[in-house]
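Below: one structure, written as structure tokens.
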Amino acid sequence: MNYRGIYRRRYVFVLLLLVAVVNISYGWTVLKNKDYKRRYLSPSGVEKVRKHLSRKYVASRNNTQTFKKHYFSNTWAVHIDPPDNDVADRIAKKHGFTNIGKIGNIEGHYHFKHEEIGERELEKARHKTALLNLEDEVKFAEQQKILERVKRDGIPNDPYFKDMWYLLNTGQASGPAGVDMNVVPVWKKNITGRGIVISVLDDGLDWTHPDLEANYDQTASIVLNDNDNDPMPRDSDADNCHGTRCAGEAAAIANNGICGTGVAYNAKIGGVRMLDGQATDALEASALGFRGDHIDIYINCWGPKDDGKTFGKPGPMAAKALRLGAEQGRNRLGSIFVWATGNGGLTDDDCNCDGYTTSIFTISIGCIGDHGLSAYYTEKCSSTLAVTFNGASHKEGRENKMVTTDLYHQCTEEFKGTSASAPLAAGIIALTLEANPLLTWRDVQALIVHTAQITSPVDEGWKRNGAGFHFNHKFGFGRLDANAMVNAAQSWKNLPAQRKCTAASGFDHQDIPRGDSLFINIPTVACESSSAQIAKVEHVVLTVSFVHRRRGDVSIDLISPKDTKSQMLSPRKYDDSDEGLDEWSFMTVYNWGENPKGIWRLKITDNPNQDDVMNLFNGDNTDDVESLEERVIDTQTKQNKAEWEKMRKENPYFDVPYPTGVRKDKVLGSTEINDNSFDTPHTETFKIIRNHIPEVNLQNNDNMNTLNFDPVTGRKKNSINKKIINSRKRNFLTFRNFLKKSKKVQVQQEETGTQRVQVNAGYENPRISCESGYTTCSGVLINYKLTFYGTGE
């Protein structure tokens, strides 16, 4: 056989094949390069690429795009009319779906799931949506977007500690004795939450925990992520402990020698597993509307990111579920939705940017530490109703421990954030509902307003509204007092039916001056001479739309006819968005009890260079009032402990009497400030000062600046400080002019130079067109609407 000829032919064949491949590759490269040059190297192509990259970067900085890997779920919300489960099953089967069931308590709305549609099969999903919408019985079908939701316990953990100082504070923590929730007197009345059902909407509930099992309620539990009835968390992931920890604070069993004690330790507890997976509007609506005929209180310790730049609110179905829960839940008395305000204080976040906490149907709960002072990550806003305790201190560093149940049948003292505060509030509300089961959802809120106690009394943020109620944007109406709330509930008369009055609206575009304020007077008769007339307001909702060069520079204040000021939006240094807001509803509870008739004032301010303002007026040498109070409290605590130790040596049976804490026994009248206004054993220093305070009227908050003495703190105002402040203001104005010049140069460089991968907060948005025709505005107010909720005469 001629092997040499065979090898030669094979060699020639391989050589020809390689030549062909090289030629084809070269030709393809030429065509590709020509196409590349035609598409991308032309001036218009380069500009398109630049704008595309710029948009992507701005979107990532402003958090306006959701993570795209899981943007759509494989579930649909389908509205079928007339509502019929058999029709829903037929339509679902016809198009390859599975009918999971009704969406919460919304009539005619069904949850469909398609197992064969992947997360990136958008065309196939659109085709399925179109087919569903062609059905005669289908009013609408919508594929569900996946919403990003985060748990609110992201605070560093601490070593183990067994004493629950927030339930009975005898001085075992670093703070003073008596600063607690005053829950022991309620337990002594045999009020322990019996007959009340609480459900935790979270990442699951380890109901087999020996400190929870006897109180577990299967009817109040479900798994919405997997359509199951067992809410056991996926304990392979240690982060899925959040719901179990919330449950333990509210309803852990007492007197069983295990872990700690829940506030309402005889209440029933359930869990809705909804955070262990993809969140959608339909899923949230299902959770918020789940078994409203059986569940009394829903604990919610989740929401949009606390990053200081996000605006997030319930979707249309979740918002409707909240409303229907308030209208129809608990046999039409109204479901109680307790919500944690968030932990975004370190990023200057504002809880009014969270549409869940600003809903009139939710009870927004903030947090304080063992000294009764605000936590270092506290968010301030006008929708906060009250505060309870958690392990945080006023300054970052020292932490106290919170005892609760944990995964693997363990006990932990490492629960932090407002997630540790909201379950305590839910427990107190459970005690209140046992004392009076006929309370409506509005009655519960009103009881909080009437009975919450002043905490951190020297804080200068305490004001009094036109109806005589104290409030503070850090603390709401104050710290929840279980005993005071239960006592008031036992003789409480239900509020009259709620009324809604759309008081005023404006649709004329108005400029927001650069570095200045837009003032709008809003006269209203509060729907006088109609069935919607309101004489006592409860919730005030301000809905606004505006565009602005930098949303984080905008602050919004609303002043009532009684001169009560609510900051509806505060500046946020990390919010670089230039998109403004579209029909965003801010809410305040701080006009509670006022007659809304009169002239309301709306103030919208552009606050450029807010960081420089804070540095000038709050330098390192400036002590905040709460830090000073903390040092005074610590001194008094040490003295008290020394006296107690001495008495124990003289009398071995001596025990510390139950302390009164920082409480007010009633809502003070406008001239009732006296030595007993803030009854606390460790504030003698402040009482000495108050001995010299003349009687003052707190009703007009704007006139308080003219007094020589601050009526809330009892401290003499220092005229030297005014000189210092005026000097700092002059320095600031000079510095701001310098920044304006620097900013102008920087803008010119950005416009004429190469695009940098950086978003500067000071850049002007070329899309904003000032109504005045000049370029002196920072933004434009598009419209506003003022809505009152309350009662008539």
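Just so you know, glycine gets a Cβ as well, placed from its N, Cα and C.
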Based on the record in Swiss-Prot, give the one of Cys381, Cys411, Cys501 in a disulfide bond with Cys259.
Cys411
Look at the disulfide annotations in Swiss-Prot and name the partner of Cys351 from this list: Cys246, Cys301, Cys381.
Cys381
Including all protein chains shown, what's the count of other C-beta atoms within 10 A of the C-beta of Asn190 (N-linked glycosylation site)?
9
Give me the Cα-Cα distance between Cys527 (disulfide bond) and Cys411 (disulfide bond), rounded to a whole Å.
54
How many whole Å apart are the CA atoms of Cys411 (disulfide bond) and Asp202 (active site, charge relay system)?
19
So of Cys351, Cys381, Cys501, Cys527, which of the disulfide-bonded residues has the fewest other Cβ atoms within 10 Å around its own Cβ?
Cys527
In DSSP terms, helix, strand or coil for Cys351 (disulfide bond)?
helix
Which of these active-site residues is closest to Asn190 (N-linked glycosylation site) if you go by CA atoms: Asp202, His242, Ser419?
Ser419
Counting all other Cβ atoms within 10 Å across every protein chain shown, which of the recorded positions His242, Cys259, Cys411, Ser419 scores highest?
Ser419
Using Ser419 (active site, charge relay system) as the reference point, find which of the recorded positions His242, Cys259, Cys351, Cys501 has the shortest Cα-to-Cα distance to it.
His242
If I take the alpha carbons of Cys501 (disulfide bond) and Cys351 (disulfide bond), what is the distance between them in whole Å?
25
Do me a favour and check the Cα-Cα span between Cys351 (disulfide bond) and Asp202 (active site, charge relay system); whole Å is fine.
20
